[in-house]
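Working notes, beginning with the structure itself.
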């Protein structure tokens, strides 16, 4: 695993206006939520109140209540590290997928992947072994009542589409050999493939043990698989062909 620094972009197909707008919106919600939470949720005194009101609580959603939080939770983040990490991935990988799908279809992929992430997250709790549920309750809190927030489920869908549509695009990543930093160029299929395997392993470990690191790994898995499933249905073949030619030229010349 490593930290992505950049990729081979295909912005010749158009500026990633939607992707940048999503990034700006996420930062705006986070900063306003910290500085003036009452502007987002009237009566709120802190950002914690905003998360409590707009975060996706599995128990409520399963009961058919507060269904709007399925969408609002995609634009909330728990910390600066949380939002910076998510927006870094979205900035690097989202522009190419918007260029290939087109703006409207990109929005559909993004939102649908977020919904897929919610389904997998809720299902992971519902099918968690009873012993693991007890461990979860003892170690932190009832997982049914913990608000889930973040754009990572939707972004995982973008990664899934990226790995499927342009797997050979090169990703520049920062990793470490001991204490020495290394910058490597690897195919997107390798970088994203290792990322997905890690999410899957950690999701299984969380489900078996009931001990969570505060990360909804199954939401990432669900978002990724949704992106993989929808990408062939949403792709604009003409734009994909142009993108592939652009990437081939950048790779070999």
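Using the three backbone atoms N, Cα and C, a Cβ is placed for every residue, glycine included.
Pulled from TrEMBL, these are the features on record:
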TRANSMEM  20-40  transmembrane segment
TRANSMEM  47-63  transmembrane segment
DOMAIN    66-235  domain 'Peptidase S54 rhomboid'
TRANSMEM  75-94  transmembrane segment
TRANSMEM  106-128  transmembrane segment
TRANSMEM  144-165  transmembrane segment
TRANSMEM  177-198  transmembrane segment
TRANSMEM  210-235  transmembrane segment
Highest-contact recorded stretch vs the transmembrane segment (144-165), from 20-40, 47-63, 75-94, 106-128, 177-198, CB pairs under 8 Å: 106-128
Range from 47-63, 75-94, 106-128 with the greatest count of C-beta pairs under 8 A to the transmembrane segment (20-40): 75-94
Residues of the parent chain within Cβ reach of the transmembrane segment (47-63), under 8 Å, 6 or more residues beyond its termini: 33-34, 37, 40-41, 69-70, 72-73, 76, 78, 118, 121-122, 125-126, 142-149
Within the predicted model, mean pLDDT of the domain 'Peptidase S54 rhomboid' (66-235): 90
Intrachain neighbours beyond the transmembrane segment (75-94), with Cβ under 8 angstroms and 6 or more residues off its ends: 3-7, 16, 19, 22-23, 25-27, 29-30, 33, 50-51, 54-55, 106, 149-152, 155, 158-159, 162, 171, 214
